[in-house]
Amino acid sequence: MAGPGMAGPFQGGAAQMAGPPQKKLDPDSIPSTTQVIEDDQAKRGGQVYTTNLRGQVPPLVTTDYTVQDQGNASPRFMRCTTYSFPCTADLAKQCQVPLATIIKPFATVPKNETPMYVVNHGETGPIRCNRCKAYMCPYMQFMDGGRRYQCGFCNCINEVPAFYFQHLDHMGRRVDFYERPELSLGSYEFAATLDYCKNNKPASPPAYIFMIDVSYANIKSGLVRLVCDELKTLLDNLPREDGAESSMVKVGFVTYNKILHFYNVKSALAQPQMMVVSDTAEMFVPLLDGFLVNFQESRAVINNLLDQIPDMFADTNESETVYAPVIQAGVEALKAAECSGKLFIFHSSIPTAEAPGKLKNRDDKKLINTEKEKTLFQPQKAVYEQLSKDCVSQGCSVDLFLFPSQYVDIATMGDVATQTGGSVFKYSNFQVERDGQHFLSDLRKDVEKAIGFDAIMRVRTSTGFRATDFFGAIHMNNTTDVEMAAVDCDKAVTVEFKHDDTLSEETGALMQCALLYTTISGQRRLRIHNLSLNCSAQLSELYKSCETDALINFFAKSAYRAMLNQPLKTVREILVNQAAHMLACYRKNCASPSAASQLILPDAMKVFPVYLNSLLKTGPLVGSAELSTDDRAHQRLSTTAMGVEDTQLLLYPRLVPLHNMDVASDVVPTPVRCSEERLTDAGMFLLENGCSLFLWLGQACPPELIQSVFNVPSLAHVPVDLVRTRSLPELDNPQSKKLRSIVDSLLDQRPSSMKLMIVKQKDRSEIMFRQHLVEDKGLHGGASYMDFLCYVHREIRQVLT
């Protein structure tokens, strides 16, 4: 059962289970993720979910629903591992279910849901509790005829400011309750006053700086020309406020190899001007005026520059690059302009040129499965630690687009991006015709997405518990303030809570997430999300109110952090051990008595084992010398900022049968279980996990289906170069249209674009596809779902005895 890479707890198979000899388990009898998803969609799909009840469990992330905010934040913004907290620390310790909330403060809201209201109290700014500084929200209790209110978080009694006074009705509710978003809604914004701005000066709109590595590799691959051509049209789509004519985001341009070139693109110039900084040790920005400009005003000069760059460096043979000085230059430019912003860095290779932040190749496969394996994922400190701090304090976010042909130390290079609320995109062995479209879709999504800058977030709680740990693309200077140079619609922060006293069933557990940030047009705002949970002295309530998808998000992030400090074997053991404890506690305290040989799982957690097993088989947690260290580091960093939807799909991909799809219907066919047993020789399947997209063709796939999708007579004729360009031909027939509309709708829903790979059954490329069939044995070690379930069952019984 255990592959060589999965030493540790995964020894021995189901045969060693205690008790009577096992009958062969039927794969259909073990809990099915696709069934759970289908059942929830059938029960709650298409419905309106109103948030007026405390401790309500929302529909699954995979279910299609509409939210009506009636006093608690929408599950699009906040999801919890359980919606009923245990009353005491002892109970929490007994069940070992982590108490956590995954917060996605800028989550995209569908068109049919109400957009966020902005409350403006003018000069006085938002109303806050004097003691704990919580913001006015539905959990404040008005009293004394409306003259005072009691804070729901710390119970302090506050005077109501004169301008805010309002009478109460016979229920003790203010008569303006429904007119004020901050009294009746779970999520809303406040316009912030100067007290909330840096140095008490109004904020400025952010700037986007495009920094292009023009070393030999990027010129030769055609990347530099591709980026320059794309920017001419892409800059028309810079993000802007709803209803605004044009974007207020300024733009600037830098090219570099081992020296940096800055460009003056002031609208008054006939030609752009280049200024070179070759002393990378003392980085400065050689021009103030004309570096950051409005694209509309400087369009002619900028287009001129973008035409010139590819030719200017066409004959370069400089292959060395710098990296840290490039980020430093970006920070200095934003500092000089007194604004926040984002650096888009297009980089090819490990920075080996003599300069601050120079890196050496430290990839060492001999460390795999040893105590020292963790060092491969620890970023190299040196300059980078200070650089991240400088970025965060300036509100400078870094998005890194990497085009490596060998090891680049993503653990270090990507760390600055992750600390600053940015993203890392990676295109190995980049070829324009094969990967160009994939990269451009990522770049477009990245430049156009909704985003806030220079953000600081605090999570306040009612008495009895508090936020103790935070996971995300964030920076923490102290234990309470979550700092993000930028936060966009796809970034989520996972927050863990611990008891510091007893919680009461009567008042429940309240939390308020407050995010102070600068909008895309340079306004300072506070975005508030409130959520109220139940508390119970009965563990059965906690288990009833659990959410598996949120739990696995928490486990993934905490395991990926733990692997920086502990051997992978230990991390895997801790994961399995905690899961066994959670399930054993349910068995002992909540389930009706039954034979010990029976595996009993709480309904809300019945597919938790399949997700946990899938997590144990992910690249970062599998010690295998066959996997690239950079790929593992990249997945580790990307997962840190994921929301519940993204980790759910990553750990249980969708496998969609296409050979019998109803071309007349708009619906995507129902996915099947993620296992080889579900594939058929005559089938065609689409598999997606949010990062990869595969079209699998069975050996006996009907020629007429192949003809209508690929325009060739049979499977053998499906050209290999199609596998290279990664796109489907646009044919005028129902099958082709339906398939392309399914692919397009999937790409639309996901944060990053996915490259379509076409895989034929029994082809060598099939191995890439198979590692995503998470119910089967792992390619690099790791149990099948069935074996893992038996193993967890054994562990549970051990805990119980």
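Numbers here mean position along the shown chain, with the first residue as 1.
Using the three backbone atoms N, Cα and C, a Cβ is placed for every residue, glycine included.
Listed ranges 1-45, 721-765; the one TrEMBL annotates as region 'Disordered' is 1-45.
Between the domain 'Zinc finger Sec23/Sec24-type' (126-164) and the stretches 204-447, 452-536, 667-742, it is 452-536 that has the most C-beta pairs under 8 angstroms. By number of Cβ pairs under 8 Å, the domain 'Sec23/Sec24 helical' (548-647) is matched best by 204-447 from the list 204-447, 452-536, 667-742. Residues in the domain 'Sec23/Sec24 helical' (548-647) partition by DSSP class (helix H, G, I; strand E, B; coil) as 68 helix, 0 strand, 32 coil.
In terms of DSSP secondary structure, the domain 'Gelsolin-like' (667-742) contains 29 helix, 12 strand, 35 coil.
Counting residues per DSSP class in helix, strand and coil order gives 0 helix, 56 strand, 29 coil for the domain 'Sec23/Sec24 beta-sandwich' (452-536).
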